[in-house]
Structures are given as structure tokens and as C-alpha cells.
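First up is the structure itself, then whatever we jot down about it.
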Amino acid sequence: MPRAEHAISREDISDNALKVMYRLNNAGFSAYLVGGCVRDLMLGHKPKDFDVVTNATPEQIKGLFRNCRLIGRRFRLAHIVFGREIIEVATFRGHHNEDPSVAKQDDEGQLLRDNVFGTIEEDAERRDFTFNAMYYDVATFSVTDFANGINAIKRGEVDLIGDPEVRYREDPVRMLRAVRFAAKLDMTINPRTAKPIKELAHLLSNIPPARLFEEMLKLFLSGHGLQTFRLLREYNLLEPLFPMLGKVFAAPDSKEIGLIELVLKNTDERINTGQRVTPAFLIATLLWYPVEEHATKLQSEAGLNGHDAFNIAMGDILHRQSQRIMIPKRFSTVVRDIWHLQQRLPRRFGRRAFQLLSHPKFRAAYDFLLARGRTEGGDLLELADWWTQFQDASPANQKKMLNTLRQEEGREPRKRRRPRKPKSDSHAQ
Ligand code: ATP
Ligand code: MG
């Protein structure tokens, strides 16, 4: 497609990406924009980032840019760093089947290693969807569309390059990507691309947990989480990601689904209005009912008290989930905080209410309580509403609220205080 036949203008391309391509061109290499950025520009969207491909090898790229870092084990890539913007530059990838020493597949057909350089045609064939295999050449301002991606864009279809079953077996994450693009680009997955998904969904259990963590962030924290969740559920792709919730996803809508969908809807709104989100909140949401259930079971079966049962349940559930999707420590600590505070928020007497307000994770825990309240109604919603009022009340009104609480609850038998621990203990650490 020469310049006159497509809508991509240099104005829409990052200056740094242009610089990188010009320098590669001047050194005698070819250089193209490819993938998501070309697709998004063709759709009239603003690209998230700009990826470049070239026939220069990583070492040759490094020789041209001082601000270059080589990364990646599965496939070596160059990152050209311009302050906060990173332009990713990859060497054309080739076919893998011919030489078994550089490409390895497991019994399910999954690619384990593929470090082969190739031509632009080969590079295009190895890409996932037809709309992701369009190349923009800054030397001629033309777009080369190897797999008829333009047609997919016109039809609003997610269409895999090649035989879908083979391509999913090579890399099961492509099933997640199909759904992600359908939700994000508001497209449908065409029938041939959709057909094998349900049958091959289980292959996701072979993907390393660290990669699935990255994918999970893209699925749920890119502003289209709710729609992505619904599509993943429709294609039976949730069970292999969250095995503990398998039954919940397969059954008709329940309070579990209600809570997850409510939180995803709020998350999308926050992202689309530029507010911060944390993966911890989402993980806390997804695994909340499994924790509650497991804690109840531990109480009745192992005879543990509520407090201990809940603590053990939190650890067990996080551990089980992280067998499938990695949960980095910096997030799991926050997940625990959010959960733990759910136990504390009902107990508001005296100074406790103020201590809770000043807890660093109060806000997240309160938001979580509110989501639970809106899902389940009843006492939980009342409790959440109480906290809504209390936070913004004047000191005098806060005092009144606590007094009212004391009077209401005063009719119930008061718990005896636990004996204080000896002072020396608490200072020992
Ligand atoms: P986004 O805008 O969400 O980043 P993207 O298409 O740029 O979408 P990336 O994950 O950044 O997605 O990948 C960049 C490009 O690399 C894709 O457009 C595609 O051509 C190729 N690609 C990425 N992952 C795969 C995969 N698993 N199999 C084949 N090709 C892939
Ligand atoms: Mg991208």
C-alpha cells in the first residue's frame, strides 16, 4: 500500500521510533514498524508503544545505538532507551522447524526455544493475527500487509495466521490474545480462529506462571477487563488460569461472578479516567470466596479458631494460585492486607475505628468491603455504608456514630478482653 492508500502519517509516529528507523536505514539495514502500533494506526487509535523490526542482528543494532540494551532469552531483542520511552527493536524471526538444534517443541507442539533469524516474509508468517502482520516502511512511507490484515480490520475480525490448532499448540497464550484483542478492539473472533479454543484451553496450564502473570495484567488491567472476562469465560479459558474457581465459572452467574464483574467494571472505569489501579485488588477479588470457603472448612474440619483458620486459608489459597499464575510478593502482601482488614472492619469500638482509618491499606480494604456489600447486600452493605459515612464525618459526628454503635451493640453480651501480653515481649523484636 503506497502512501496514498493508507492513513498512516509520520505525525502519528513517535519521534524516537522514527530516529531509530532512520539510523538503521542509514547504516544500510531495513527497518519497519510492525505489530500493534501499525494495527492501531490503521484503526485510527493511538498506539501504546512502537515496535521496530529489522534485518540487523542484535549485535549490529547494539553497535549503532549507545542507549541500547539487549534483553530476552527465548528471543534476543534490543531495547533502545530514550528516557521513559523504550523502542523495542527485533531482528526478523525465521522458521523453526528445519533445524532442531535451535528450535524445540514439546509433546504438545509448544515451542520451547526459537532463536532463528529470518526474512521479513518469514517474520510475518510467524506473527499471530493477520492484523498484526502489517509493516510500515519509513523509507517509502508504504505499508506491506502480508496476511491481508486490512481485510480483518474492515470486517472487525480477529483472524489467526495459519492453521489455528497448530498455532495454539505452538503457543497457547495466543488463545488469550485472541480474546484480548476481540475485547480491546471491539471485534469478533472469526469462526475458524474461535473453533479450537475450548478444546485446547487446558494447554494454558503448561505456560510458566511468570508469563501468565504478565498476560493477566494485560487481560484485566487494560481498560476492557469486564468484556475480556466475559469472553474468557465463554471460551472456557478461565478455568485453566484459576483452577479453584472452575466450578464457579461453569455454573450460572453467582455472587462470586457478581463480585468479580463489579470490580472489573470499576477497574475499567478507573483506568479509563486515568486513576491508579493495583493488581492486588483484582487478585483479592478473584480469590476472596475461595479463602472464605477454605477458612470455614478449616474451622469445622481442623477445629481451628476463626482467626487462625482465616490466616492459614489466606496462605493456602495464595500458594495454590501461584502454582498457576505467579503472584509477586509486593502484591501478595497487599492482597493479605486487604483480606485481613475485612476481618477487622466490623470491629469498630473505641480507638479501633481510628486505627483502621489510618491503616495504609484502609482505602483499598474499604473499597473492597463496599464491592462485597454491593454484591451481597444485607449486613455487609450496612457496614460498608457506615464506613462511607464515618470517613467523611466531623470529629463530633464520628464520636456520635461510635456512641450509637456502642448503644446498639451494648445489648449483646460484651466480649471479655484478652489478657495483655507482657510488655517485654512486644519490645523484644
Ligand atoms: P498491544 O497493543 O496490546 O501491545 P500488540 O499487538 O502490540 O498489542 P504485543 O504483545 O506488544 O501485542 O506484541 C507485538 C507483536 O508481536 C504482535 O502484534 C504480534 O505481531 C507479535 N506477537 C506477540 N505475541 C505473539 C505470539 N504469542 N505469537 C505470535 N506473534 C506474537
Ligand atoms: Mg505492543
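Each Cβ is built from the backbone N, Cα and C atoms, and glycine gets one as well.
For ASP49 (among others), the entry in TrEMBL reads active site. Around ASP49 (active site), the same-chain residues six or more apart in sequence whose CB sits under 8 Å from its CB are GLY36, CYS37, GLU85, ILE86, ILE87, GLU88, listed in sequence order.
Listed in sequence order, LEU33, VAL34, GLY35, GLY36, CYS37, ILE87, GLU88, VAL89, ALA90 are the same-chain residues at least 6 apart in sequence whose CB falls under 8 Å from the CB of ASP51 (active site). Annotation source TrEMBL lists active site at ASP51 (among others).
Annotation comment: TrEMBL describes ASP128 (among others) as active site. Non-local contacts of ASP128 (active site) by the CB criterion (under 8 A, 6+ apart in sequence, same chain) comprise LEU160, ILE161, ARG167, ASP171, ARG174, ARG177.
Residues or ranges marked as compositional bias 'Polar residues' in TrEMBL: 395-405.
Restricting the average to the domain 'Poly A polymerase head' (31-158) gives a pLDDT of 89. Annotation comment: TrEMBL describes 31-158 as domain 'Poly A polymerase head'.
Positions annotated as domain 'tRNA nucleotidyltransferase/poly(A) polymerase RNA and SrmB- binding' by TrEMBL: 186-245.
Look at TrEMBL and you will find 303-421 tagged as domain 'Polymerase A arginine-rich C-terminal'.
As annotated by TrEMBL, region 'Disordered' applies to 395-429.
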Within the compositional bias 'Polar residues' (395-405), count helix residues (DSSP H, G, I), strand residues (E, B) and coil residues, in that order.
11 helix, 0 strand, 0 coil
Would you mind listing the long-range same-chain contacts of the compositional bias 'Polar residues' (395-405), meaning Cβ under 8 Å and 6+ residues beyond its ends?
348-350, 353, 386, 389
